[in-house]
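Here is the structure we will look at.
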Amino acid sequence: MEKQILDGRLVADSVKNSLKERVENLIKKGITPCLATILVGDDPSSETYVNMKGKACEKLGMKSIKIHLSKETSTEELLETIQKLNEDDTVHGILLQHPVPSQIDERKAFDAIDIRKDVDGVTSFGYGQTALGFGKFPSCTPAAIMKILDYYEIPIEGKHAVVIGRSPILGKPVSALLLNENATVTTCHSRTTNLAEIVKLADIVVAAVGKPNFIQGDWIKPGAVVLDAGYNKGNIGDVDYEACLVNSSAITPVPGGVGPVTISMLLKHTVDAAEESLKAN
Ligand code: NAP
């Protein structure tokens, strides 16, 4: 069977190339698209992710503001920081890096983000809009998965998509986006029984579990498309890549699959938000 390796770097480059002119036009009009990232605590992986996002902005001529708060930060202090960014007209997108330390009410903090600046689709309102099919900014990893399918012209309508994971930033919104595109969607989670049997029915498999090499090769129906959103220590995905390659018709590698596209979608959403702010003024 012919295999297609779904190259996320290629997809990300095409997204970023499509943004260059838009960023230049905004700058000519006196607006530099700006993403503010908030990191609470000193988790090294989160720090790496935030730095990658900031660098990607700057590479494209956008601005990035990095706010690093101590691990002792309270919910109230974080809310104050978010409020200031909400009120700052030079900031177009706000990204609160997940996870935050346990003393913080993460949902309250996410929901404090102004919907116009919710470029990672983390607010309850933004999620609701995504689920209803008119969200401007779905979460970036689900948006990246949809972008990869679109770029490689992989049909979604009428296909059975099985999503493994139901987190608010990944499993649930990607299930909603696939449903909006007329897939028949099954969302699995830690209490799902007969997981292997359900995955075996899938035309499209989305792995969003957070467990290295979790999806097994013999769960994959011949010809299925496999998208691995997982990113575990040591650059290992949630899919046992070599084993799942055998039956799949198309598959994302880790690294170089969903990850780079996620960052490019964050940039796109921030540029979209900057353009919207121009229209509003
Ligand atoms: P999460 O919040 O921990 O959610 C994991 C989900 O997997 C939960 O819904 C959980 O079910 C389910 N699950 C756990 N064990 C399972 C099992 N044995 N069988 C079936 N389902 C099981 O993780 P997340 O934030 O969604 O992230 C998932 C993965 O994506 C991680 O590897 C993360 O690093 C990666 N990620 C990548 C990007 C990127 O840009 N590529 C962005 C975000 C996240 P319950 O709901 O029942 O607990």
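For all residues, glycine too, the Cβ spot is worked out from N, Cα and C.
As written in TrEMBL, here are the features:
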| type | residues | note |
| --- | --- | --- |
| BINDING | Gly165, Arg166, Ser167 | NADP(+) binding site |
| DOMAIN | 6-120 | domain 'Tetrahydrofolate dehydrogenase/cyclohydrolase catalytic' |
| DOMAIN | 139-276 | domain 'Tetrahydrofolate dehydrogenase/cyclohydrolase NAD(P)-binding' |
For this session: Average the pLDDT scores across the domain 'Tetrahydrofolate dehydrogenase/cyclohydrolase catalytic' (6-120) and report the rounded value.
Result: 97
Seminar exercise, completed: CB contacts under 8 angstroms to Ser167 (NADP(+) binding site), restricted to the same chain and 6+ apart in sequence, sorted by sequence, are Ala208
Problem set entry | Residues near Gly165 (NADP(+) binding site) in space but at least six apart in sequence (CB under 8 A) | Gly171, Thr187, Cys188, His189, Val206, Ala207, Ala208, Val209, Gly210, Ala229
Exercise. Quick one: which residues besides Gly165, Arg166, Ser167 have a Cβ within 8 Å of the NADP(+) site's Cβ centroid, in sequence order?
Worked result: Val163, Ile164, Pro168, Leu170, Gly171, Lys172, Thr187, His189, Ala208, Val209
Problem set entry | Conformational class of Ser167 (NADP(+) binding site) under the three-state DSSP mapping | coil
For this session: Can you check which residues sit near Arg166 (NADP(+) binding site), meaning Cβ under 8 Å from its Cβ, same chain, 6 or more apart in sequence, and list them in order?
Result: Lys172, Ser175, Thr187, Cys188, His189
Problem set entry | DSSP-derived helix, strand and coil totals, residue by residue, for the domain 'Tetrahydrofolate dehydrogenase/cyclohydrolase NAD(P)-binding' (139-276) | 54 helix, 24 strand, 60 coil
